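Taken from TrEMBL as is:
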type: TRANSMEM; residues: 17-36; note: transmembrane segment
type: DOMAIN; residues: 37-264; note: domain 'Rhodopsin'
type: TRANSMEM; residues: 43-62; note: transmembrane segment
type: TRANSMEM; residues: 100-119; note: transmembrane segment
type: TRANSMEM; residues: 131-155; note: transmembrane segment
type: TRANSMEM; residues: 175-195; note: transmembrane segment
type: TRANSMEM; residues: 207-229; note: transmembrane segment
type: TRANSMEM; residues: 241-263; note: transmembrane segment
type: COMPBIAS; residues: 281-304; note: compositional bias 'Polar residues'
type: REGION; residues: 281-319; note: region 'Disordered'
Amino acid sequence: MVTGNESFGASLERQSWIHYSIGMAFIFLRMLGGVSNFEADDYLQILAAVLFTVLVALLNIITDGGGSNLYPPELEGTFTQAEIEDRIHGSKIVLVSEQAMLNLIYVLKACVLILYTRLTLNLAAQRLVRWLAMYVALGWTATQVTMFAACRPFSGYWAMPPPDPQCTTYENYAILQGWFNISSDMLMLMIPLPLVFRMKVPWKQKVVLLFVFSLGICVIVAALLTKIFNLSDPYSPTYMLWYIREASVAVYVSNLPLVWPLLREWFPWLRNLKTAGVLPTPSNQATGHRTKQDANMSSGVTVHSTHRGPAPAGVPNSRRHTFEEFGTWLSASDLELQKPARVLRSSASRRHIL
């Protein structure tokens, strides 16, 4: 990594903090919708916010610093002791920023996989989600092993001069990280898109849903361009801009499906989009329409009764029913991916399981 000029530094600072502000707004809205009942992916998003903050801050520090141990060969032996100390310090920051970027991307992948797990509940496609989760875990592990093994000794990552080109170019790490990152993103697109195409809903509804899930393509493009700029010219800092763009779009994409109900509440014009029954809508609790389900254990018959009335005091417009509402179109007759129905005939004390 080299120190960029003032123009590049100003551009990175401007773009990074704009993208950061938008991304943090998405995370805040997500938390606002589920503040009363956090789940695993919500806590992961808090970790993602920390990693996102670290990444943006460190990339700005790198551009304002004195460089790293990556420099053209002709500069060998021309540095003063103060410059060497600055470059050692900068190299350590580069290493931490790489860890922040790597872990941020995989934390966001985990959030999306948790979403997919809930969306495909009782669907045959859930098996694909599980296999994909294992592939993502393998990718993170392999990438971490490569980073810690590519440069020996490990202190070579900030040594002046570096003992091995891998300690300064990160080439092997970048290639493997790019492979697992991009391939897993492409596989993650293959989970929801076939489900959307098989839905028996108007095409306008499909277009909206395809738009939401296809935003992952932007993440793939940014990841690809990051590696192209990084590997084609290791002395150029342009890859930092694409790091910011890739990380930011990944934050947007991982939070948009869960922010949607809140946006529909705040911006009435969004309700005019033909997304009823497709994207999540504000929960019945928020509208005062509640459904009560009473199970008759002795006969195995389930009785549904509907109650209308004002919403109880203190009930927020929560997005906690997001997955139930997604399930409306994923597990209903719109799809033919359900597992075969099974009925267990047993004593009167057991339910009928479909």
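Cβ atoms are placed via backbone N, Cα and C, with glycine included.
Because TrEMBL annotations are produced automatically, they should be read as predictions rather than curated entries.
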Original post:
If you count Cβ pairs under 8 Å, which stretch among 17-36, 43-62, 100-119, 131-155, 175-195 touches the transmembrane segment (207-229) the most?
Top reply: 175-195
Subject >> Tertiary contacts of the transmembrane segment (131-155), as residues 6+ beyond its ends and Cβ separation under 8 Å >> reply: 98-99, 102, 106, 109-110, 113, 116-117, 162-164, 166-167, 170, 172-173, 176-177, 180-181, 183-184, 187-188, 191
Subject >> Proximity of the transmembrane segment (17-36) to the transmembrane segment (100-119), 3+ C-beta pairs under 8 angstroms >> reply: no
Subject >> Close approaches to the transmembrane segment (175-195) from elsewhere in its chain (Cβ under 8 angstroms; 6 or more beyond its ends) >> reply: 102, 105, 109, 112-113, 116, 119-120, 123, 125, 128-129, 132, 135-136, 138-140, 142-143, 146, 209-210, 213-214, 216-217, 219-220, 223-224, 226-227, 231, 330, 335, 337
